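The structure appears below as structure tokens.
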């Protein structure tokens, strides 16, 4: 169920069918990264229910730095048609920026509050999208010096040399002051970046890493740049949008090209999204149908139509700056698909993986006339070079052969048809890595260790039903505390306390986020990946990158004695199987960056083997009351008191301080829980 407020849009975690189950008696002291969320009876569809808490007054001014401040170039005053900081615009589930977006009394962000580590220059966004109010300090003094018995002074001609400079007023970002600083000049590629033609799987660039860890990674500005084609039109499928920011990522020469936004917002959230686009005549909308409760439009995909051809990008990032800033994200970028000769048969341009057919089927499931032209364009292009399989989810209840069209049963079918049994496969662990966790029942057999594990352990048409180890990678509180973003990174890792208390059994599966191989141990993951690894973790039987988190809403759940499957959400990902690359297994790449040449080894985004939570990590929420974030990794952490609320459940006693966000968990707050 989508909710909306001044803090953004949020959705309850996955399936709600277990909400009435009794709580187990075990203590929750061994919880991983948890976020308190209000009980279901506290959630209503009224936006006003979430508007009452005002947390802005509890924020402190950033400390003055003793060193001379660097010069900072501030933005010009926004035009009248923009939304100012006085009327904050809620952008989808931008509650991961909640502290930023909800500041009703923004702090003046002056140059004398900068710190030595703020390298770079102030962002120079277009006036029409800056959205920040500027104050004129002269206005504060216009009534001074006047008393009841004095005549009005003669007006004086203003001296531009003496007039105080306008300063930018911005709410403190939960991602720190560097959030408002441009990436360095050498952050983006000026020529065609190194392209991994083997797998076409890329990680996003991360601000703050050594350059070598971004060599071969991609940023949205590069994806949309002329380096990959002369853009004519595009479609952006996503969950969360900042339209002004998104359009700024297009190069100036493509910025006025038509853009279709496919979203799942309803009612107030939809109205806010449309409001964002008012200044931009090139933006059109397509609302995805969500007829099943708790479903979301979570698919993240770009369709890019060039003068030279057509391209598909399937990714894990929302269309907001925070997702392209200091998080680990991933994407698959297709080759450039050329136009077929006129008169080609309908079956022309198909790939061995039937990617064209499956993409058309997925787009057809929207039943939206706004997408019809794009369906026709895809038919007219040659997708035969594609070597991955498409795995999508679309909302509905499916029977018979339709059960294998979507969700985890679609993955099961592909693994059965396109992989082969492996000797000693019971020793090949299954690995799942995700950024959100839904309700899976009071015991593991309800879904995870039942139907979902059967899917993940399928290899060929073998009748064996092995029970291999299952490693689930989800950051601990300490991983978040020491991250580049600090505790605000937890806003993108929702796992509600109410859900966690009902499935304490799940915590024994958890492993920490460590990614030294990609330099991203401190860039918290919003990427979602699943794979089957060899016992020594040097080979992969298959690999999947997707938008689907660990939830029944995303993957689907069997119903009515396994005769039908119910899927709540839209999701999309791509599956790599060795047979499509004429290989028996994928070797795991040891050193992913710098990625300057193609490799047949697969670039797994994190370290293998995964590292289990320790007993100390499990009780991290107790230690966090005494441990603040690492000095320097996040300028604003101290202001929030989030080390009180991240895990363990204390936030559930302070409903006024919670901020809802993507996934339905609790975005930790500055309430003293």
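Backbone N, Cα and C atoms are what each Cβ position is placed from, and that goes for glycine too.
TrEMBL does not curate its annotations; it predicts them automatically.
These features come from TrEMBL:
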type     : residues : note
REGION   : 1-182    : region 'Disordered'
COMPBIAS : 22-34    : compositional bias 'Low complexity'
COMPBIAS : 42-60    : compositional bias 'Polar residues'
ACT_SITE : 298      : active site, nucleophile
ACT_SITE : 526      : active site, proton donor/acceptor
SITE     : 551      : site 'Interaction with DNA'
Task: Pop the Cα-Cα gap between residue 551 (site 'Interaction with DNA') and the residue listed as 'active site, nucleophile' into the table, whole Å please.
output: 12
Field: Winner by Cβ contact number (other Cβ atoms within 10 Å) across the active-site residues 298, 526
entry: 298
- prompt: How big is the gap, in Å, between the Cα of residue 526 (active site, proton donor/acceptor) and that of residue 551 (site 'Interaction with DNA'), rounded to a whole number?
  reply: 15
Field: residue 551 (site 'Interaction with DNA'): tally of other CB atoms within 10 A of its CB
entry: 27
